[in-house]
Every structure is written in C-alpha cells, then in structure tokens.
Amino acid sequence: MAGDESRSNPFSRRTLLRTSAAAGAGLGVAGLSTGYGAAQPVRPAKGESMMGVAFEAHETVRVGIIGVGNRGASMLPLFLAVPGVAITAVCDVSADAVNRAARAVTDAGHPEPAKYSAGEDDFENLLRRDDVDFAYVATPWEWHTPMALSAMRNGKHVGVECPAGTTVDELWELVDTSEKTRRHCIQLENCSYSQNEMRVLRMVHDGLFGQVLFGAGAYLHDLRELLFSKTYYAGQWRRAWHTGLNGDLYPTHGLGPVAAYMDINRGDRLVRITSMSTPAAGLAQYREQHMPAGDPTWNERYVKGDATISLIQTEAGRVVQLAHDVSNPRPYSRLNQLQGTNGVFEDYPARIYLEPTHSNDEWGDFAEFADYDHWLWKEVGPGPGGHGGMDYIMLYRLAQTMRLGLPPDIDVYDSATWSAPFALSVESVRRNSAPVDFPDFTRGRWQTPHPGVDSPKPA
Ligand SMILES: NC(=O)c1ccc[n+]([C@@H]2O[C@H](COP(=O)([O-])OP(=O)(O)OC[C@H]3O[C@@H](n4cnc5c(N)ncnc54)[C@H](O)[C@@H]3O)[C@@H](O)[C@H]2O)c1
C-alpha cells in the first residue's frame, strides 16, 4: 500500500474518487476541508541531513518508470539516450501504456523491461525489485508523494515530476523519509536546465547582475484544450484540481530557476508568501464554447482563480514574483526575469540590459552572452527530445551524478521548498492574501554552501 501519508492530502486516491463522484453529482469539491493549514514550525529531525550527500557510484543507472502517460512516455527515449542508463521496469495502471513503453525500450535495442499494470498499487512491486536504482514518477499529482515515499523506503533514489508534494505535511514527510532512508528525493525540474536559465545563472554567479534583488517566474500555459480533452490526461485528473483548490498549482517551473539565481538553501531562504487569485472564469467560458449540453463537465464548478499571483520574500530581503495561469488564451511563458543592481534580464523573448554595456532604455541582445552558457549546454546540449533539449540535459546530468557518485544538483530540501508554494498559496488565497510562512525544510542549514544546478564540470 502507498501508506497513510496521503490521508492528509485532499486529493488522495480515495478523496479523488469521492471528489469525482461528488462532481458528477453536481456537488463540486469546494466544500472539502483542505488540510492546507499554515506552515508548521521546524520539525524535529528523524535522521542526518541529506545536504551535499553523494550518490553511491553506479556503473549503470537502472531506472524504473512509474507512469508512462504523456510525460513518462516522452521521457523514456531520453533516459535510453543517456549513456549508462538502462530501463529495467515500467509501471502504469494502463496495460496498453505499459506494453507501448516496453516496446519502445526493445525497439531501441534494449532488453525488455519488467512490466507492472495490475492496479493502482502495483508500483509497490516495481519498487521492491533489486534491479532498480532510481524510480522516475510521472503520474498525476496526488500520487507523487506516496510513490516517492515508497521508493525511498524500498531503498531507491527517486525523481518526481512537478510538484513533489501538494501539502506541507507531504513535503515534510519527503524530507524526513529522505533523511531516514539516506535516499535522495529529487524534484525533476527540467526548466532549471533550460539554456537561458542556465546562462543567466552562470552570469549571476560571475557577478554580472551585481547584487540580486528581484526575480519572477511563472507557468503561463494555455492548457484549456488539453484540460477538457477526454483522452489526453488519464481520467482527466488535471482538470479535477481546478474544482478543488484555488492557488498556484504548478510553482516549480517558475520558482526552481529563480531559487537558483538567489542561492536559495545555499545562503538565502524563502521566508513568506502572499498570494491573490483572479476570478475563475476561463474554464467555464471554454466549456460554454466547446462542450455540448449534457457533457459531464457541466456538473463541475471551477474554483481555481484563472491567474494566481504570489510574492515571496527571502531572508535577505529579495522578492520573487510567481504567476500561474493555464485557463486563458495566451502564448506560453515562464516570465524568467531577474533584476540586480547592475541590470535586468527578461525572457519571452530573451533580452538584457546591463550597465555599462547597455544604455538609453534600449534592450541588448542576449545571444551576445552565449559565452556564459553552462558547460552542460556547451558540451552536451541540446540533445534529443522536446522542451528545447532541457529534458535531456537534466537526465544526462542526473545520470552523471549517479554514475560518478556525486551529490545531486537538486536535493530533497530544494524539492520541498520549490513545491511548497502549491500549498502555501492556497492557504494565503483562502486567508485573503495573508502572508504565510515557509517552513525551513533545511532545519537551519540554509546558509550551507553545497552543490546546486550551476555544477562545475566533473574532472
Ligand atoms: N516537467 C514537465 O515539463 C512536465 C510536462 C508534462 C507533465 N509533467 C508532469 O508529469 C506528470 C504526468 O503528467 P502527464 O501529462 O503525463 O499525465 P498523463 O495523465 O498523461 O499520465 C499519467 C499516467 O499515470 C498513470 N497512473 C495514474 N495512476 C497510476 C498508478 N497508481 N500507478 C501507475 N500509473 C498510474 C496513468 O494511467 C497515466 O498513464 C504530472 O505530474 C505532470 O505535472 C511534467
């Protein structure tokens, strides 16, 4: 069984089933008690810190994939393309998806992986195998924490899709379990490995921006068609969250890179967040325009405000702005902005203004700073696959750290910190934008320098 931790999660399997039934009966889920309470004080440690702890070296990194839907299936060939990686097992509640994934592995010339599709708890059997070093979790959000906890308890390192957890309790449980089991829990935040983000990070660390003051990140992505598709998301899980919670439901793509610019958990820390949401209008309007009368979606009430805007203050007084909107027409953007005392970078499209090079309110060309590309982009990138190649770079680097026995770039403290705005923004919105404290998942070690995404090239 996945364990009892998920009971505190309003979107646990049981609740989600109840939720769907309630939504189907026209009740919605807005009345659910969320358990998204205010941040708790630092909890007593149950093990030693995992900060800077190296992987044991692996000649081959043997991967078990849990969830081979859209994301898992698209990451599978990238895992296979990374030198020294084997996929030994795949799991999904859909046997078709598992068979397709296994075929993709054999078609690429690799041995057939073990297959698990005997129900929603069969992932536990994959995790009990002794030929899996690393579990990759690409399932709906409500499964991320239970699967990651089980992976660590079964002796596996785990990489989780975004976000790592959806409540503060879940995030503490991930930290406690990583420390106790000595297994890493990694938020697989691919945007941290995007070329622009890595170049800006190098420039920050080389001092080009001066003192870093402000950063902005976002997930602004028109998902309306996919959210209402009957076939894209398994069981249409992603739209269900919009019927239950009002906050930033996908914070890590925007926050991960900005947290690296600000050395969060490596000198600074996130202290408090305040969040506001607009009215929830976009999904209802889309339904009006596209869904026939009598469609089950007409029983749903969307409570997630279309845009959620959050401001986060750091211990050093810096400010991070986060935005989330997947319900309105607009071009894709993660904002990706950084202001320092020497100038500013803004993405979408990329432009830069740094004294003394730029003046007269005229943006400069970011391409002229290509020399600052991270070594991963100079020597490995862009690689195969989507998202501009950042997915491959992330997996390449993950496998490199595991093969060489280095610490991971992203540890459980980063995973918890970057995911926390999910729960904390819901709480702040619920309390009329009251500031909500961030837990210090590092338990006071946030000033400790240790490896991060701006990795030096291994010798
Ligand atoms: N990092 C990125 O750029 C990125 C991009 C897309 C999606 N994602 C994330 O990936 C995750 C999956 O998203 P998706 O778009 O692939 O959704 P999806 O619905 O296409 O895939 C989820 C898969 O999980 C399977 N599943 C559900 N419960 C399961 C269980 N108990 N055991 C085994 N399998 C189970 C489903 O059958 C489905 O195949 C989400 O967390 C999403 O946020 C990340």
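Note: Cβ is positioned from N, Cα and C throughout, glycine not excepted.
These features come from Swiss-Prot:
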- N70, R71, D92, W141, E142, W143, H144, E161, C162, N190, Y250: NAD(+) binding site (BINDING)
- Y219, R238, Y250, P251, T252, H253, Y332: substrate binding site (BINDING)
- 440-459: region 'Disordered' (REGION)
- 1-45: signal peptide (SIGNAL)
Next item on the list: Whole number in angstrom, please: the longest C-alpha to C-alpha distance across N70, R71, D92, W141, E142, W143, H144, E161, C162, N190, Y250 for NAD(+).
Entry: 23
Next item on the list: Please tell me which one of the binding-site residues listed here (Y219, R238, Y332) sits closest to Y250 (NAD(+) binding site), measuring Cα to Cα?
Entry: Y219
Next item on the list: State the Cα to Cα distance, in Å, between T252 (substrate binding site) and N70 (NAD(+) binding site), rounded to an integer.
Entry: 19
Checklist line | Integer Å distance between the CA atoms belonging to H253 (substrate binding site) and D92 (NAD(+) binding site) | finding: 25
Next item on the list: Measure from each Cβ of the binding-site residues N70, D92, C162, Y250, H253, Y332 to the atoms of ligand 1 and list the residues where some distance is under 6 Å.
Entry: N70, D92, C162
Check: What are the DSSP helix, strand and coil residue counts for the region 'Disordered' (440-459)?
Finding: 0 helix, 0 strand, 20 coil
Next item on the list: For R238 (substrate binding site) and E142 (NAD(+) binding site), determine the Cα separation and express it in whole Å.
Entry: 10
Notebook entry, point to check: substrate site residues Y219, R238, Y250, P251, T252, H253, Y332: biggest Cα-Cα distance, Å?
Noted result: 18
Check: Which residue, of the binding-site residues N70, T252, has its CB surrounded by the fewest other CB atoms within 10 A?
Finding: N70
Item checked: Under 8 Å by Cβ from C162 (NAD(+) binding site), counting only residues of that chain that are 6 or more apart -> Q187, L188, E189, Y250, T252, H253, S419
